[in-house]
(Lines of atoms letter the chains of each structure in order from A and count residues from 1; the text may use other names and numbers.)
(Lines give C-alpha, C1' and ligand atoms only; values in the text may rest on other atoms or scores of the structure.)
Protein backbone atom coordinates (compact mmCIF):
# COMPACT_ATOMS: atom_id res chain seq x y z
CA UNK A 1 0.00 0.00 0.00
CA UNK A 2 1.03 3.61 -0.24
CA UNK A 3 0.52 4.42 3.42
CA UNK A 4 3.57 4.71 5.60
CA UNK A 5 3.65 1.98 8.18
CA UNK A 6 1.60 -0.50 6.12
CA UNK A 7 2.78 -4.04 5.50
CA UNK A 8 5.10 -4.61 2.59
CA UNK A 9 4.29 -7.22 0.00
CA UNK A 10 5.08 -8.31 -3.50
CA UNK A 11 3.89 -5.72 -6.02
CA UNK A 12 3.37 -8.18 -8.86
CA UNK A 13 1.38 -10.56 -6.66
CA UNK A 14 -0.86 -7.71 -5.58
CA UNK A 15 -1.48 -6.53 -9.13
CA UNK A 16 -2.31 -10.06 -10.22
CA UNK A 17 -4.96 -10.25 -7.52
CA UNK A 18 -6.98 -7.34 -8.88
CA UNK A 19 -10.55 -8.41 -9.61
CA UNK A 20 -14.12 -7.22 -9.43
CA UNK A 21 -14.41 -8.64 -5.92
CA UNK A 22 -12.94 -7.09 -2.77
CA UNK A 23 -9.71 -8.80 -1.68
CA UNK A 24 -9.72 -11.07 1.32
CA UNK A 25 -7.74 -10.15 4.41
CA UNK A 26 -4.96 -12.61 3.56
CA UNK A 27 -4.15 -11.14 0.15
CA UNK A 28 -0.65 -9.93 -0.56
CA UNK A 29 -0.26 -6.19 -0.46
CA UNK A 30 1.56 -3.61 -2.48
CA UNK A 31 4.62 -2.07 -0.96
CA UNK A 32 3.93 0.46 1.75
CA UNK A 33 4.08 3.31 -0.75
CA UNK A 34 1.49 1.88 -3.18
CA UNK A 35 -2.28 1.69 -3.29
CA UNK A 36 -4.44 -0.37 -5.61
CA UNK A 37 -7.84 0.78 -6.77
CA UNK A 38 -10.79 -1.62 -6.89
CA UNK A 39 -12.58 -1.87 -10.22
CA UNK A 40 -16.34 -1.88 -10.59
CA UNK A 41 -17.74 -3.01 -13.92
CA UNK A 42 -20.97 -1.07 -13.47
CA UNK A 43 -19.18 2.32 -13.33
CA UNK A 44 -17.18 3.85 -16.18
CA UNK A 45 -14.87 5.72 -13.80
CA UNK A 46 -12.28 3.85 -11.78
CA UNK A 47 -12.09 4.98 -8.17
CA UNK A 48 -8.62 4.96 -6.69
CA UNK A 49 -8.79 3.00 -3.45
CA UNK A 50 -6.38 1.13 -1.20
CA UNK A 51 -5.98 -2.51 -2.12
CA UNK A 52 -6.18 -3.42 1.57
CA UNK A 53 -8.12 -0.51 3.01
CA UNK A 54 -8.33 -2.15 6.42
CA UNK A 55 -4.64 -1.33 6.78
CA UNK A 56 -5.44 2.40 6.73
CA UNK A 57 -5.79 3.52 10.32
CA UNK A 58 -8.00 6.50 11.15
CA UNK A 59 -8.40 8.05 14.60
CA UNK A 60 -11.54 10.09 15.31
CA UNK A 61 -11.63 12.16 18.50
CA UNK A 62 -14.11 14.42 20.31
CA UNK A 63 -17.27 12.49 19.47
CA UNK A 64 -17.22 13.30 15.77
CA UNK A 65 -20.66 12.74 14.25
CA UNK A 66 -21.65 9.19 13.36
CA UNK A 67 -22.10 10.22 9.72
CA UNK A 68 -18.31 10.50 9.46
CA UNK A 69 -17.75 7.19 11.22
CA UNK A 70 -20.16 5.42 8.86
CA UNK A 71 -18.63 7.00 5.76
CA UNK A 72 -15.09 6.02 6.69
CA UNK A 73 -16.02 2.49 7.75
CA UNK A 74 -17.84 2.04 4.45
CA UNK A 75 -14.49 2.66 2.76
CA UNK A 76 -13.09 -0.32 4.65
CA UNK A 77 -10.72 1.73 6.79
CA UNK A 78 -9.74 0.71 10.30
CA UNK A 79 -11.42 3.44 12.38
CA UNK A 80 -10.94 4.07 16.11
CA UNK A 81 -13.59 6.35 17.61
CA UNK A 82 -13.22 8.22 20.91
CA UNK A 83 -15.74 10.59 22.50
CA UNK A 84 -13.14 12.80 24.18
CA UNK A 85 -10.14 14.86 23.22
CA UNK A 86 -6.63 13.84 24.27
CA UNK A 87 -3.78 15.60 26.01
CA UNK A 88 -0.62 16.33 24.09
CA UNK A 89 1.32 13.63 25.94
CA UNK A 90 -1.33 10.99 25.26
CA UNK A 91 -1.70 12.01 21.65
CA UNK A 92 2.04 11.79 21.02
CA UNK A 93 1.77 8.06 21.74
CA UNK A 94 -1.65 7.48 20.21
CA UNK A 95 -0.94 9.09 16.85
CA UNK A 96 1.90 6.73 15.93
CA UNK A 97 0.89 4.56 13.00
CA UNK A 98 -2.21 6.67 12.30
CA UNK A 99 -2.71 7.72 8.66
CA UNK A 100 -5.60 10.14 9.16
CA UNK A 101 -6.96 11.90 12.24
CA UNK A 102 -10.28 13.65 12.76
CA UNK A 103 -10.68 16.28 15.49
CA UNK A 104 -12.93 19.14 16.52
CA UNK A 105 -11.92 22.31 18.36
CA UNK A 106 -10.46 20.95 21.62
CA UNK A 107 -7.65 18.69 20.38
CA UNK A 108 -4.36 20.48 19.74
CA UNK A 109 -2.18 19.10 16.97
CA UNK A 110 1.04 20.84 17.92
CA UNK A 111 4.46 20.57 16.33
CA UNK A 112 5.40 17.99 18.96
CA UNK A 113 2.37 15.85 18.14
CA UNK A 114 2.96 16.10 14.39
CA UNK A 115 6.62 15.15 14.81
CA UNK A 116 5.44 11.93 16.45
CA UNK A 117 2.96 11.24 13.64
CA UNK A 118 5.14 8.87 11.66
CA UNK A 119 2.41 7.78 9.22
CA UNK A 120 0.05 10.75 9.10
CA UNK A 121 -0.91 12.06 5.65
CA UNK A 122 -4.11 13.99 6.31
CA UNK A 123 -6.01 15.80 9.09
CA UNK A 124 -9.74 16.46 9.19
CA UNK A 125 -11.03 19.32 11.36
CA UNK A 126 -14.74 18.62 11.89
CA UNK A 127 -15.47 22.31 12.44
CA UNK A 128 -14.77 25.65 10.79
CA UNK A 129 -11.66 26.67 12.73
CA UNK A 130 -8.21 25.22 12.16
CA UNK A 131 -6.20 27.27 14.66
CA UNK A 132 -5.90 24.14 16.84
CA UNK A 133 -3.52 22.69 14.23
CA UNK A 134 0.02 23.86 13.48
CA UNK A 135 -0.85 24.35 9.81
CA UNK A 136 2.58 25.46 8.62
CA UNK A 137 4.40 22.54 10.19
CA UNK A 138 1.76 20.13 8.92
CA UNK A 139 2.42 21.41 5.39
CA UNK A 140 6.16 21.02 5.91
CA UNK A 141 5.49 17.37 6.74
CA UNK A 142 3.35 16.91 3.63
CA UNK A 143 0.16 16.60 5.70
CA UNK A 144 -2.98 18.14 4.17
CA UNK A 145 -5.57 19.70 6.50
CA UNK A 146 -9.28 19.91 5.67
CA UNK A 147 -12.11 21.63 7.53
CA UNK A 148 -15.82 22.33 7.10
CA UNK A 149 -16.25 25.99 6.17
CA UNK A 150 -19.92 25.81 5.19
CA UNK A 151 -21.87 23.10 7.00
CA UNK A 152 -22.65 24.92 10.26
CA UNK A 153 -23.27 28.41 8.85
CA UNK A 154 -27.04 28.24 9.26
CA UNK A 155 -26.82 26.96 12.83
CA UNK A 156 -24.54 29.80 13.91
CA UNK A 157 -26.66 32.41 12.14
CA UNK A 158 -29.83 31.15 13.84
CA UNK A 159 -28.13 31.23 17.25
CA UNK A 160 -27.13 34.86 16.70
CA UNK A 161 -30.74 35.75 15.90
CA UNK A 162 -31.67 34.12 19.19
CA UNK A 163 -29.02 36.19 20.97
CA UNK A 164 -30.33 39.43 19.44
CA UNK A 165 -33.88 38.83 20.65
CA UNK A 166 -32.76 37.55 24.06
CA UNK A 167 -30.48 40.54 24.66
CA UNK A 168 -33.08 43.06 23.57
CA UNK A 169 -35.62 41.55 25.98
CA UNK A 170 -33.12 40.71 28.78
CA UNK A 171 -34.28 37.09 28.63
CA UNK A 172 -31.09 35.74 30.18
CA UNK A 173 -31.37 37.82 33.34
CA UNK A 174 -35.12 37.23 33.73
CA UNK A 175 -34.57 33.48 33.42
CA UNK A 176 -31.81 33.44 36.05
CA UNK A 177 -33.98 35.50 38.42
CA UNK A 178 -36.92 33.16 38.08
CA UNK A 179 -34.69 30.13 38.65
CA UNK A 180 -33.82 31.77 41.98
CA UNK A 181 -37.51 32.30 42.77
CA UNK A 182 -37.53 36.03 41.98
CA UNK A 183 -40.44 37.46 39.96
CA UNK A 184 -39.26 40.57 38.10
CA UNK A 185 -41.68 41.60 35.34
CA UNK A 186 -40.20 44.78 33.82
CA UNK A 187 -40.24 46.57 30.47
CA UNK A 188 -37.57 49.19 31.15
CA UNK A 189 -34.62 48.70 28.80
CA UNK A 190 -36.43 46.02 26.79
CA UNK A 191 -36.94 46.56 23.07
CA UNK A 192 -38.36 45.13 19.89
CA UNK A 193 -35.68 44.40 17.32
CA UNK A 194 -37.76 45.65 14.38
CA UNK A 195 -36.25 48.79 12.94
CA UNK A 196 -32.95 48.43 14.80
CA UNK A 197 -29.60 48.21 13.00
CA UNK A 198 -27.44 45.09 12.98
CA UNK A 199 -23.76 45.60 12.17
CA UNK A 200 -22.02 42.46 10.90
CA UNK A 201 -18.23 42.34 11.01
CA UNK A 202 -17.13 39.73 8.47
CA UNK A 203 -19.59 39.11 5.63
CA UNK A 204 -18.64 35.53 4.78
CA UNK A 205 -20.76 32.38 4.83
CA UNK A 206 -22.16 32.98 8.31
CA UNK A 207 -22.32 36.76 8.15
CA UNK A 208 -24.23 36.76 4.88
CA UNK A 209 -26.74 34.15 6.09
CA UNK A 210 -27.25 36.15 9.27
CA UNK A 211 -27.87 39.20 7.10
CA UNK A 212 -30.77 37.50 5.30
CA UNK A 213 -32.35 36.20 8.51
CA UNK A 214 -32.00 39.57 10.23
CA UNK A 215 -33.71 41.46 7.41
CA UNK A 216 -36.58 38.98 7.56
CA UNK A 217 -36.97 39.95 11.24
CA UNK A 218 -37.20 43.65 10.35
CA UNK A 219 -33.62 44.67 11.16
CA UNK A 220 -31.61 47.05 9.01
CA UNK A 221 -28.25 45.47 8.15
CA UNK A 222 -24.87 47.08 7.59
CA UNK A 223 -21.61 45.19 7.36
CA UNK A 224 -17.86 45.69 7.27
CA UNK A 225 -15.41 43.38 5.53
CA UNK A 226 -11.83 43.84 4.40
CA UNK A 227 -12.94 42.75 0.91
CA UNK A 228 -15.62 44.33 -1.26
CA UNK A 229 -18.51 41.85 -1.16
CA UNK A 230 -21.83 42.09 -2.95
CA UNK A 231 -24.63 42.40 -0.38
CA UNK A 232 -27.60 40.10 -0.07
CA UNK A 233 -30.98 41.78 0.16
CA UNK A 234 -30.87 45.40 1.27
CA UNK A 235 -27.70 45.14 3.38
CA UNK A 236 -25.12 47.90 2.93
CA UNK A 237 -21.35 47.57 3.11
CA UNK A 238 -19.59 50.28 5.12
CA UNK A 239 -16.07 51.48 4.43
CA UNK A 240 -14.71 51.32 7.97
CA UNK A 241 -15.11 49.51 11.27
CA UNK A 242 -15.57 52.73 13.31
CA UNK A 243 -18.48 53.73 11.07
CA UNK A 244 -20.19 50.40 11.70
CA UNK A 245 -19.64 50.60 15.46
CA UNK A 246 -21.09 54.12 15.51
CA UNK A 247 -24.26 53.12 13.61
CA UNK A 248 -25.14 49.64 14.88
CA UNK A 249 -27.50 48.78 17.72
CA UNK A 250 -26.24 45.18 17.61
CA UNK A 251 -22.67 44.30 16.58
CA UNK A 252 -22.03 40.67 15.58
CA UNK A 253 -18.54 39.31 14.90
CA UNK A 254 -17.86 36.70 12.22
CA UNK A 255 -14.11 36.77 11.58
CA UNK A 256 -11.33 34.16 11.79
CA UNK A 257 -8.67 33.98 14.48
CA UNK A 258 -5.53 35.70 13.21
CA UNK A 259 -2.94 38.20 14.42
CA UNK A 260 -4.96 40.92 12.65
CA UNK A 261 -8.20 40.06 14.49
CA UNK A 262 -6.76 39.50 17.97
CA UNK A 263 -8.53 41.88 20.38
CA UNK A 264 -10.03 43.74 17.42
CA UNK A 265 -12.83 44.78 19.79
CA UNK A 266 -11.17 46.42 22.79
CA UNK A 267 -11.54 49.63 24.82
CA UNK A 268 -11.20 51.91 21.79
CA UNK A 269 -13.87 50.04 19.86
CA UNK A 270 -16.28 49.89 22.82
CA UNK A 271 -15.90 53.66 23.16
CA UNK A 272 -16.90 54.02 19.50
CA UNK A 273 -20.08 51.95 19.91
CA UNK A 274 -23.50 53.51 20.44
CA UNK A 275 -24.66 54.04 24.00
CA UNK A 276 -26.80 51.08 25.05
CA UNK A 277 -25.77 48.86 22.14
CA UNK A 278 -25.04 45.14 22.25
CA UNK A 279 -22.06 42.97 21.26
CA UNK A 280 -22.26 39.37 20.01
CA UNK A 281 -19.24 37.13 19.47
CA UNK A 282 -19.82 33.68 18.01
CA UNK A 283 -16.62 33.66 15.95
CA UNK A 284 -13.31 33.18 17.78
CA UNK A 285 -12.39 33.70 21.41
CA UNK A 286 -9.37 35.89 20.73
CA UNK A 287 -11.36 38.53 18.84
CA UNK A 288 -12.81 40.35 21.88
CA UNK A 289 -10.80 41.82 24.75
CA UNK A 290 -12.92 40.42 27.59
CA UNK A 291 -11.65 42.75 30.37
CA UNK A 292 -12.58 45.68 28.11
CA UNK A 293 -16.00 44.10 27.63
CA UNK A 294 -16.45 43.83 31.40
CA UNK A 295 -15.56 47.51 31.79
CA UNK A 296 -17.99 48.51 29.03
CA UNK A 297 -20.75 46.49 30.69
CA UNK A 298 -20.16 47.86 34.19
CA UNK A 299 -20.02 51.45 32.92
CA UNK A 300 -23.29 51.06 31.04
CA UNK A 301 -21.67 51.80 27.69
CA UNK A 302 -23.18 48.60 26.31
CA UNK A 303 -26.54 47.22 27.39
CA UNK A 304 -25.51 43.60 27.03
CA UNK A 305 -23.47 41.01 25.21
CA UNK A 306 -23.61 37.39 24.08
CA UNK A 307 -20.38 35.41 24.09
CA UNK A 308 -20.06 31.87 22.74
CA UNK A 309 -16.27 31.60 22.40
CA UNK A 310 -13.36 32.33 24.74
CA UNK A 311 -9.56 32.68 24.60
CA UNK A 312 -9.19 29.51 26.67
CA UNK A 313 -11.87 26.83 26.75
CA UNK A 314 -12.17 23.62 28.79
CA UNK A 315 -11.07 20.40 27.12
CA UNK A 316 -14.33 18.68 28.07
CA UNK A 317 -17.73 19.07 29.69
CA UNK A 318 -18.31 19.06 33.44
CA UNK A 319 -18.77 21.16 36.55
CA UNK A 320 -16.19 23.70 37.74
CA UNK A 321 -14.65 24.00 34.28
CA UNK A 322 -15.36 27.66 33.48
CA UNK A 323 -13.39 29.21 36.33
CA UNK A 324 -10.76 31.89 36.97
CA UNK A 325 -7.94 29.39 36.59
CA UNK A 326 -8.99 29.02 32.95
CA UNK A 327 -9.40 32.75 32.28
CA UNK A 328 -8.54 35.24 35.03
CA UNK A 329 -11.59 37.43 34.33
CA UNK A 330 -14.21 34.64 34.45
CA UNK A 331 -15.81 35.63 37.78
CA UNK A 332 -16.12 39.27 36.76
CA UNK A 333 -17.71 38.33 33.45
CA UNK A 334 -20.28 36.00 35.01
CA UNK A 335 -21.46 38.76 37.38
CA UNK A 336 -22.18 41.30 34.63
CA UNK A 337 -25.81 42.12 33.85
CA UNK A 338 -27.46 40.96 30.62
CA UNK A 339 -24.44 38.97 29.51
CA UNK A 340 -25.40 35.69 27.82
CA UNK A 341 -22.64 33.07 28.06
CA UNK A 342 -22.81 29.83 26.11
CA UNK A 343 -20.18 27.04 25.84
CA UNK A 344 -19.16 27.30 22.17
CA UNK A 345 -22.42 25.88 20.83
CA UNK A 346 -22.65 27.88 17.61
CA UNK A 347 -22.41 24.80 15.40
CA UNK A 348 -23.86 22.38 17.92
CA UNK A 349 -27.00 21.22 16.18
CA UNK A 350 -27.80 17.76 14.89
CA UNK A 351 -28.08 19.10 11.34
CA UNK A 352 -24.77 20.94 11.40
CA UNK A 353 -22.82 18.07 12.93
CA UNK A 354 -24.28 15.56 10.48
CA UNK A 355 -23.36 17.75 7.51
CA UNK A 356 -19.89 18.44 8.91
CA UNK A 357 -19.35 14.71 9.31
CA UNK A 358 -20.25 14.10 5.69
CA UNK A 359 -18.26 17.04 4.32
CA UNK A 360 -14.99 16.34 6.12
CA UNK A 361 -15.07 12.54 5.83
CA UNK A 362 -15.59 12.84 2.08
CA UNK A 363 -12.64 15.24 1.85
CA UNK A 364 -10.46 12.74 3.75
CA UNK A 365 -11.57 9.90 1.49
CA UNK A 366 -10.90 11.87 -1.69
CA UNK A 367 -7.40 12.73 -0.51
CA UNK A 368 -6.55 9.21 0.65
CA UNK A 369 -8.01 7.45 -2.38
CA UNK A 370 -7.36 9.94 -5.18
CA UNK A 371 -4.89 12.54 -3.92
CA UNK A 372 -7.53 15.27 -4.39
CA UNK A 373 -6.52 18.24 -2.22
CA UNK A 374 -9.29 20.67 -3.23
CA UNK A 375 -10.44 22.48 -0.09
CA UNK A 376 -7.23 21.95 1.90
CA UNK A 377 -6.48 24.96 4.11
CA UNK A 378 -2.69 24.60 4.26
CA UNK A 379 -1.84 22.83 1.06
CA UNK A 380 -1.76 23.40 -2.71
CA UNK A 381 -5.17 22.55 -4.18
CA UNK A 382 -4.86 19.98 -6.96
CA UNK A 383 -7.32 17.61 -8.59
CA UNK A 384 -7.26 15.39 -11.68
CA UNK A 385 -10.17 13.66 -13.38
CA UNK A 386 -10.89 10.11 -12.34
CA UNK A 387 -9.18 7.34 -14.25
CA UNK A 388 -11.52 5.27 -16.40
CA UNK A 389 -11.94 1.57 -17.08
CA UNK A 390 -9.80 2.05 -20.17
CA UNK A 391 -6.84 3.06 -17.98
CA UNK A 392 -5.91 -0.51 -17.06
CA UNK A 393 -2.17 0.08 -16.85
CA UNK A 394 -2.20 3.60 -15.44
CA UNK A 395 -0.93 4.81 -12.09
CA UNK A 396 -1.30 8.09 -10.24
CA UNK A 397 1.79 9.79 -8.82
CA UNK A 398 1.33 12.06 -5.79
CA UNK A 399 4.50 13.99 -5.03
CA UNK A 400 4.73 16.63 -2.29
CA UNK A 401 7.96 18.58 -2.50
CA UNK A 402 9.69 21.77 -1.56
CA UNK A 403 8.85 24.65 -3.88
CA UNK A 404 12.25 25.13 -5.51
CA UNK A 405 13.28 25.57 -9.17
CA UNK A 406 13.88 22.55 -11.38
CA UNK A 407 11.69 19.97 -9.64
CA UNK A 408 9.25 19.44 -12.52
CA UNK A 409 12.14 18.86 -14.89
CA UNK A 410 13.64 16.28 -12.55
CA UNK A 411 10.32 14.49 -12.05
CA UNK A 412 9.41 14.46 -15.74
CA UNK A 413 12.80 12.99 -16.56
CA UNK A 414 11.87 10.09 -14.29
CA UNK A 415 8.68 9.59 -16.33
CA UNK A 416 10.71 8.93 -19.48
CA UNK A 417 9.54 5.31 -19.76
CA UNK A 418 5.87 6.24 -19.26
CA UNK A 419 3.25 8.18 -21.15
CA UNK A 420 1.99 11.14 -19.11
CA UNK A 421 -1.80 11.06 -19.48
CA UNK A 422 -2.44 14.14 -17.35
CA UNK A 423 -0.49 16.27 -14.91
CA UNK A 424 -1.17 19.18 -12.59
CA UNK A 425 1.11 21.01 -10.20
CA UNK A 426 0.47 23.85 -7.78
CA UNK A 427 2.33 25.51 -4.94
CA UNK A 428 1.50 27.30 -1.73
CA UNK A 429 4.35 29.09 -0.03
CA UNK A 430 7.29 26.75 0.35
CA UNK A 431 5.26 23.62 -0.47
CA UNK A 432 4.37 22.27 -3.91
CA UNK A 433 2.20 19.33 -4.93
CA UNK A 434 2.38 17.40 -8.19
CA UNK A 435 -0.29 14.94 -9.32
CA UNK A 436 0.31 12.99 -12.51
CA UNK A 437 -1.38 10.04 -14.20
CA UNK A 438 1.06 7.88 -16.14
CA UNK A 439 0.44 4.81 -18.30
CA UNK A 440 2.49 1.85 -19.52
CA UNK A 441 3.07 0.83 -15.91
CA UNK A 442 4.43 -2.49 -14.69
CA UNK A 443 5.11 -3.54 -11.11
CA UNK A 444 8.82 -3.33 -11.69
CA UNK A 445 8.71 0.12 -13.27
CA UNK A 446 6.57 1.46 -10.42
CA UNK A 447 8.98 0.14 -7.81
CA UNK A 448 11.87 1.78 -9.63
CA UNK A 449 9.97 5.04 -10.10
CA UNK A 450 9.08 5.20 -6.44
CA UNK A 451 12.68 4.71 -5.38
CA UNK A 452 13.86 7.45 -7.73
CA UNK A 453 11.22 9.92 -6.51
CA UNK A 454 12.13 9.17 -2.91
CA UNK A 455 15.78 9.93 -3.66
CA UNK A 456 15.11 13.47 -4.92
CA UNK A 457 16.46 16.01 -2.39
CA UNK A 458 13.33 18.16 -2.70
CA UNK A 459 11.01 15.29 -1.71
CA UNK A 460 8.63 15.66 1.25
CA UNK A 461 6.17 12.85 0.62
CA UNK A 462 5.62 10.36 -2.19
CA UNK A 463 2.60 8.17 -2.88
CA UNK A 464 1.71 6.04 -5.89
CA UNK A 465 -1.89 5.01 -6.46
CA UNK A 466 -2.53 2.06 -8.74
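Backbone N, Cα and C define each Cβ position, glycine as well.
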Going by Swiss-Prot alone, which of 148, 258 is annotated as phosphoserine?
258
Quick check on the record annotations: which of 41, 87, 153, 239 is tagged phosphoserine by Swiss-Prot?
87
Quick check on the annotations: Swiss-Prot lists region 'Disordered' for one of 1-26, 53-78. Which range is it?
1-26
Densest Cβ environment (other Cβ within 10 Å) across the binding-site residues 205, 283 belongs to 283
Within 10 angstroms of the C-beta of residue 344 (active site, proton donor), the count of other C-beta atoms across all shown chains comes to 18
In the domain 'ACT' (396-466), how many residues does DSSP call helix, how many strand, and how many coil?
21 helix, 33 strand, 17 coil
Close in space but at least six residues away in sequence, with Cβ under 8 Å from that of residue 345 (NAD(+) binding site), the same-chain residues are 159, 308
Do any residues at least six apart in sequence from residue 347 (NAD(+) binding site), in the same chain, have a Cβ closer than 8 Å to its Cβ, and if so which, in order?
127, 128, 151, 152, 155, 156, 353, 356
